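The annotation S-adenosyl-L-methionine binding site is assigned in TrEMBL to Met35, Ser65, Glu82, Asp110, Ala111, Asp129. Positions annotated as Mg(2+) binding site by TrEMBL: Asp129, Asp155, Asn156.
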Amino acid sequence: MEHEYSRYSEGLIPPRTERIMEMEQYARDHRVPIMQLEGMEALLQILRVQRPARILEIGTAIGYSAIRMAEALPGTEVVTIEREPAMQEKAEENIGRSSAEGRIRLVRGDALELGEGLPEGPFDALFIDAAKGQYRRFFDLYEPLLSGRGVIYCDNMFMHGLAAEDPTDIPRKNRTMIRKLKAFTEWLMAHPGYDSALLPVGDGLMISTKKESTEEGAVL
Ligand code: SAH
Ligand code: MG
């Protein structure tokens, strides 16, 4: 979603450290779908307000968002899951060079098939940014690991704008995935246990808070 105001607000974002900008360049060069800058900055800012002690990320890729979250939140632990061996290697390398190295743990494997290797909760934030057709399965499996004041963040809810298009205009190969992503979005928006809002930043960022948590008044 490229808008005039997007270009404007992206131009206002200060430069990142050299290592971070190297990762951004690497992602562009190798077509790694890391979070768009504007969406990343918005997520970091919301996380600074939430102040989670532990974050679970599904979908590490080269470690960009995991490193940015850990560097933005001193003291926060980030556990991140990645299934592709080539990505795991690159992520380990990048994590090893990060100032937040000791607070980021990479779990190697398919998030839907970890079995006994499932990370131990509780987590205050769950960030879902992996296979777009599987969001409901990630939610069902990992939502129980959330703490009482847990917040769920989901990236790519617009799927590069495809989610808002007429289904017949969507390339055939993407249709099933988009249908599943939209069904998940509608399901989550209507979930009785969660309040959700879909923020039109980056590629669409959904933020869902447990309803109990607002009763405790402990989210912020
Ligand atoms: N969060 C990253 C980008 C992740 S891209 C960032 O913004 O920097 C999505 C990643 O999810 C890909 O690397 C892909 O290999 C991984 N992935 C997809 N399905 C997965 C699954 N079931 N388990 C673990 N990783 C998965
Ligand atoms: Mg993403």
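Every residue, even glycine, has its Cβ placed from backbone N, Cα and C.
What you are looking at is a predicted structure, and each value in this text was computed from that prediction instead of being measured.
Each residue in Met35, Gly59, Ile128, Ala130, Lys132, Cys154, Met157, Asp203, Leu205 lies on the same chain as Asp129, Asp155, Asn156 and has a C-beta within 8 Å of the C-beta centroid of that Mg(2+) site, without being one of the site residues. Taking Cβ-Cβ distances under 8 Å and a sequence separation of 6 or more, the neighbours of Asp110 (S-adenosyl-L-methionine binding site) in its chain are Arg83. In sequence order, Gly59, Thr60, Ala61, Gln88, Ala91, Leu106, Val107, Arg108 are the residues near Glu82 (S-adenosyl-L-methionine binding site), counting only same-chain partners six or more apart with C-beta under 8 A. With respect to Asp155 (Mg(2+) binding site), the closest of these binding-site residues in Cα terms is Asp129, chosen from Met35, Ser65, Asp129. Proximity to ligand 2 (Cβ under 6 Å from any of its atoms) holds for these binding-site residues out of Met35, Glu82, Asp110, Asp129, Asp155, Asn156: Met35, Asp129, Asp155, Asn156.
Selection of the binding-site residues Ser65, Asp129, Asp155, Asn156 by a Cβ distance under 6 Å from ligand 1 yields, in sequence order, Ser65, Asp129. For Asp155 (Mg(2+) binding site), other Cβ atoms within 10 Å of its Cβ number 26.
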